[in-house]
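What Swiss-Prot says about this protein:
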- 44-142: domain 'Rieske' (DOMAIN)
- CYS85, HIS87, CYS105, HIS108: [2Fe-2S] cluster binding site (BINDING)
- HIS213, HIS218: Fe cation binding site (BINDING)
Amino acid sequence: MTTPSDLNIYQLIDTQNGRVTPRIYTDPDIYQLELERIFGRCWLFLAHESQIPKPGDFFNTYMGEDAVVVVRQKDGSIKAFLNQCRHRAMRVSYADCGNTRAFTCPYHGWSYGINGELIDVPLEPRAYPQGLCKSHWGLNEVPCVESYKGLIFGNWDTSAPGLHDYLGDIAWYLDGMLDRREGGTEIVGGVQKWVINCNWKFPAEQFASDQYHALFSHASAVQVLGAKDDGSDKRLGDGQTARPVWETAKDALQFGQDGHGSGFFFTEKPDANVWVDGAVSSYYRETYAEAEQRLGEVRALRLAGHNNIFPTLSWLNGTATLRVWHPRGPDQVEVWTFCITDKAASDEVKAAFENSATRAFGPAGFLEQDDSENWCEIQKLLKGHRARNSKLCLEMGLGQEKRRDDGIPGITNYIFSETAARGMYQRWADLLSSESWQEVLDKTAAYQQEVMK
């Protein structure tokens, strides 16, 4: 059995000097350890409460590569179970979502209540004349399930920090999407799913730490939507302009702490996002006063940027995109993307949000294709022996981290930096190399203290 010491994790990651060895994106032994020590120990996004509003409502998803079903209980609480019959390991729930009174295995017909209890075994008296203790054979329950402002998370590890502590300061940034208006948020439409042939850490890192790529990877989109030859702004309708936000923002920052990451621009207009639909832009202007009252000016204006909760929950504020990177091996990830909107928005505005999210970041989105192509090409190159063992530079903004005194929390840097990426890989290495969560937390504290010297 391969152990963390066999893999020499800390020789592959050097966050103090900004180095990473790309074998971390290709090694199957590392991937198996990730399934155990990251996806088996971290809080993972399961669903939004709006997707399962009534008792018996369920939603099927994954925790790493483990299929799980999330179910609203009769008392309104939420449980999650391994989607696996206890008889011969068959899946018991197949529909993406729906409402049910029971989950019945199609192999031998064992049936489970929405509370996970085994309630029926076909031909039980004849098949088990010695008796069967059904109370012992219920579905395996995810022991830790908590919600944060509508987002449901699960964790297999009962020794892990609670969700509130796990999120830490990233919750302040997350509230900029979840808490703009009274009533919170909801998921609009279904889930778009597709597969990208790359390691899960590429998209997670980009959403945590990488605004730098947008100037170059998305150059064609910027050229099409950007300023006219005379320097004036193109008009997109409803008063919206298309000048890239990095040309007009007065400042910008990146946040990187506890493995999480975020970055955004300080803008002066409540519609400063080049990628959104005109109706969405108008909606942001019309609701700005409420958002500012609830969140303050900085977060109310924050419509452009990037975010990731370690390991695999990402979102983009202005385009209302919420996405999960489900790992499917060391060289493949399955993307699930949701459109998340204010519940108080009109149906017309919600439809405009959905159109904007799909247009830019759907499976055929004009920005999504740029990103996917980058990640796939990197993964192809890393098949080479020298390529996957040649150290990469992770030095951007190294040593420039600071804590702000204006109420914006956490370890920050200028937006064009890799503070969040270094923090993400440090948390990644600490999880893989530690036997307990307390050991992880101690290592994180020591790293962050060193960063802020």
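Heads up, the Cβ atoms here are built off N, Cα and C, so glycines get one too.
Mapped onto DSSP classes, the domain 'Rieske' (44-142) shows 10 helix, 37 strand, 52 coil. Proximity of HIS218 (Fe cation binding site) to non-local residues of its own chain (separation of 6 or more, Cβ distance below 8 Å) is seen for LEU367, ASP370, given in sequence order.
Across the structure, CYS105 ([2Fe-2S] cluster binding site) and HIS213 (Fe cation binding site) are spaced 47 Å apart at their Cα atoms. Each of ARG86, ARG88, MET90, VAL92, TYR107, GLY109, TRP110 belongs to the same chain as CYS85, HIS87, CYS105, HIS108, is absent from that list, and has a C-beta within 8 angstroms of the C-beta centroid marking the [2Fe-2S] cluster site.
The binding-site residues listed here are CYS85, CYS105; among them, CYS85 has the most other Cβ atoms within 10 Å of its own Cβ.
Using Cα positions, the member of the binding-site residues CYS85, HIS87, HIS108 nearest to HIS213 (Fe cation binding site) is identified as CYS85. Cβ neighbours within 10 Å of HIS108 ([2Fe-2S] cluster binding site), excluding its own Cβ and spanning all shown chains: 14. Listed in sequence order, CYS105, TYR107, HIS108, TRP110, TRP137 are the same-chain residues six or more apart from HIS87 ([2Fe-2S] cluster binding site) with CB atoms under 8 A from its CB. Counting every protein chain shown, 13 other Cβ atoms lie within 10 Å of the Cβ of HIS213 (Fe cation binding site).
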